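A.B. asks: Quick one: this structure, given as structure tokens, is what I'll be asking you about.
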Amino acid sequence: MDHYDSQQTNDYMQPEEDWDRDLLLDPAWEKQQRKTFTAWCNSHLRKAGTQIENIEEDFRDGLKLMLLLEVISGERLAKPERGKMRVHKISNVNKALDFIASKGVKLVSIGAEEIVDGNVKMTLGMIWTIILRFAIQDISVEETSAKEGLLLWCQRKTAPYKNVNIQNFHISWKDGLGFCALIHRHRPELIDYGKLRKDDPLTNLNTAFDVAEKYLDIPKMLDAEDIVGTARPDEKAIMTYVSSFYHAFSGAQKAETAANRICKVLAVNQENEQLMEDYEKLASDLLEWIRRTIPWLENRVPENTMHAMQQKLEDFRDYRRLHKPPKVQEKCQLEINFNTLQTKLRLSNRPAFMPSEGRMVSDINNAWGCLEQVEKGYEEWLLNEIRRLERLDHLAEKFRQKASIHEAWTDGKEAMLRQKDYETATLSEIKALLKKHEAFESDLAAHQDRVEQIAAIAQELNELDYYDSPSVNARCQKICDQWDNLGALTQKRREALERTEKLLETIDQLYLEYAKRAAPFNNWMEGAMEDLQDTFIVHTIEEIQGLTTAHEQFKATLPDADKERLAILGIHNEVSKIVQTYHVNMAGTNPYTTITPQEINGKWDHVRQLVPRRDQALTEEHARQQHNERLRKQFGAQANVIGPWIQTKMEEIGRISIEMHGTLEDQLSHLRQYEKSIVNYKPKIDQLEGDHQLIQEALIFDNKHTNYTMEHIRVGWEQLLTTIARTINEVENQILTRDAKGISQEQMNEFRASFNHFDRDHSGTLGPEEFKACLISLGYDIGNDPQGEAEFARIMSIVDPNRLGVVTFQAFIDFMSRETADTDTADQVMASFKILAGDKNYITMDELRRELPPDQAEYCIARMAPYTGPDSVPGALDYMSFSTALYGESDL
């Protein structure tokens, strides 16, 4: 702190002469003090319904000065003088100054006359003295007071805020953050402190002044512009304004403390009243529950059944487990609440709580003791009754269990013993029934002990006077009667089963013999029927003769088969005789086979019917095979002549196409003679087609008399026609090429010789490698380097545009003719158009129509693009691009 700060801190109540000199040194301070002191005075005078406008004028008569002192001190001053004379005014001011002096304040150099005369310095000094005495002197923080106390209070309140460092009452407040921090510390909802900036003091100061005036009832005692524009704000003005914050916030804190004290007292009283109500209700509920429970525990009427007594025990357990524990907790909580309530009343100087009559803790303890005494006796009675009934219930349950097991075992046994299932059973079933019956007899003997135990238990229950003895006796008697009846039925069933077994054993032997002989005979008949009905497929006379021989051998075995059939039927008749004699009720058929006599007779009759049908079918097939053989021979004779003829013609045409005898016209004439002879041969092909149609209708699939099929003949004939036509066309094209390109016969022969030389397989085409070798032989320089490969690829694209991988002789001739003959080019056509155009770079539609035929002129006009050169005229056409397009060098 600088020297000025130290002086101000130690001498805040310094004589007026000192602060008078300070005031004269800085007019800005005087301005700040006038505004601040005026606002401070008005903040108190408004409580009396008045205010001042000019601090040195409005206090001159002493009336408002006395009123100000009465407001801030809360005391009454002497009655003021109401006169308007100077003496009256001085008297009133002196009364005010005397009151100030009575408060222990020394007034040095301040006289009533200066105040009445409107001396600004003296008036401000007097007001500052009043502010120090009534607004600042009583401030006390820890061991400091007055100015030091106010400064310490500001430092404590603003300590948590960034960029706030209060060290004095002048420059520490220039940025306005100190005022904003004081407001935010006590009323954080009024200012968003986080948005404030230290470099914007005007906004900070105005924000604090506006908020303090609007929400804290602290008048605006300072101007933000004066504080910011002054190097050192007036300390007295700042202290006066800050003291208003102190009193505003300290008053609010006192009110809050008083309200908290009242709320605390009321809360304690309300809590005690609630505890009293809770005790009364809890005590009433607990006593009512005890009153209802004791009669239930005193009821000792015994039950006849164990179930009923167990239900009572279960109810008692529920009482112990579910109902009583919460009540024990309630009783304990009741005592705790009572003791807690009494303690709280005693600590808060309230009278002790006295519950309603009959609801004292001792009353509840007495009722609870009665409950537990009755409860103990009830539990002993329950256990004794349960032990008493337990023994009877055990015997009764044992009787019921054994009786139920026995009845479940005997259920259906009488019906089983009475049934006559053996009358329709097979031998194996009879043996199984006997085994089953023996097992039942063993089981019956084992159940004898249980029947005796049931009777003994029933006797004991009667002796113990069981309450339900009549039903036990009736059930026991029924079991004994049923047991005697089961014994008689068991013996009767055994006798019937043994008698039936003997008869069925005899029948079973006959069934077995029948099955052993019927099965192979049935298989023989089924095989015979399959063979007789088998659809045979033969293609030769030898095959049908073999089938006929096998059929005759089969017919020779039929007499012996008929004897076996009669023997098998005799066995079945013997079984029928035994069944009729002894009245055996057969439940099923022969267990060893499913073949019946009716089935044997039916199949035998079917075999006898199929034999003559087979004879007829074999005879008809033999005649058909003889006819087919004649067709084979007829077709073979013709095919063996036509096939070689076609092959010969194909070879002759091939020789003509590659030989170089005579001119091309001679070759063409020779080929046309061949074509005529081939056409004249067509009737023989048609006749062969007719014979082939007959063979197909007869379903003949092979022919040992020839190696030629109709398909071979057709393919050969079509190839022959195609070959002669293609060869004639090739020769005609060669003639056209020769004439158009001016190729001599010698050149044509040379080309043919070279082509034939490299056509190793005589296919009429050259592969890429063969074609390359042919070109080299003709003098073309085609190497294996990249340039040579590119040249050969170009040539191949010309001779094989479809990329088939072969070069025909015609393509070879076309290529060679282009290479050796003079042909039209795009340049020649352009030169011709230039002549028609009069040596211009374009041509007009009129010129085209004048020089060319109409259709060709219109063709050119439709396809020529407009000419766009610098010498163009309306309607000019570009004949140059048209000419290049004709030869594929550009798009048409």
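Cβ atoms here come from the backbone N, Cα and C positions, even for glycine.
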A.B. asks: Swiss-Prot annotates one residue of LYS147, LYS195, LYS312, LYS555 as N6-acetyllysine; which residue is it?
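C.D. replies: Residue annotated N6-acetyllysine in Swiss-Prot: LYS195.
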A.B. asks: If you check Swiss-Prot for phosphoserine, which of SER6, SER763 comes up?
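C.D. replies: Per Swiss-Prot, phosphoserine applies to SER6.
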A.B. asks: Candidates are SER145, SER677, SER744; I want to know which one Swiss-Prot annotates as phosphoserine.
C.D. replies: SER677
A.B. asks: Please work out the helix, strand and coil residue numbers for the repeat 'Spectrin 3' (509-620) from the DSSP assignment.
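C.D. replies: Its residues fall into 89 helix, 0 strand, 23 coil.
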A.B. asks: How do the residues of the domain 'Calponin-homology (CH) 2' (144-250) split into helix, strand and coil according to DSSP?
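C.D. replies: Helix, strand and coil residues of the domain 'Calponin-homology (CH) 2' (144-250) number 66 helix, 2 strand, 39 coil.
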A.B. asks: Using all protein chains shown, find which of the modified residues LYS95, LYS195, LYS676 scores highest when you count other CB atoms within 10 A of its CB.
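C.D. replies: Answer returned by the neighbour count: LYS95.
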A.B. asks: Within the domain 'EF-hand 2' (787-822) only, compute the mean pLDDT.
C.D. replies: 77
A.B. asks: If I take the alpha carbons of LYS195 (N6-acetyllysine) and LYS95 (N6-acetyllysine), what is the distance between them in whole Å?
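C.D. replies: Distance between the two Cα atoms comes out at 51 Å.
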A.B. asks: Would you mind reading off the Cα separation of LYS676 (N6-acetyllysine) from LYS95 (N6-acetyllysine), to the nearest angstrom?
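C.D. replies: Rounded to a whole number, the Cα-Cα distance is 166 Å.
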A.B. asks: Of the residues in the domain 'EF-hand 1' (746-781), how many are helix, strand and coil by DSSP?
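C.D. replies: Helix (H, G, I), strand (E, B), coil: 23 helix, 2 strand, 11 coil.
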A.B. asks: Taking helix as H, G and I and strand as E and B in DSSP, count the residues of the domain 'Calponin-homology (CH) 1' (31-135) in helix, strand and coil.
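C.D. replies: Output for the domain 'Calponin-homology (CH) 1' (31-135) reads 71 helix, 0 strand, 34 coil.
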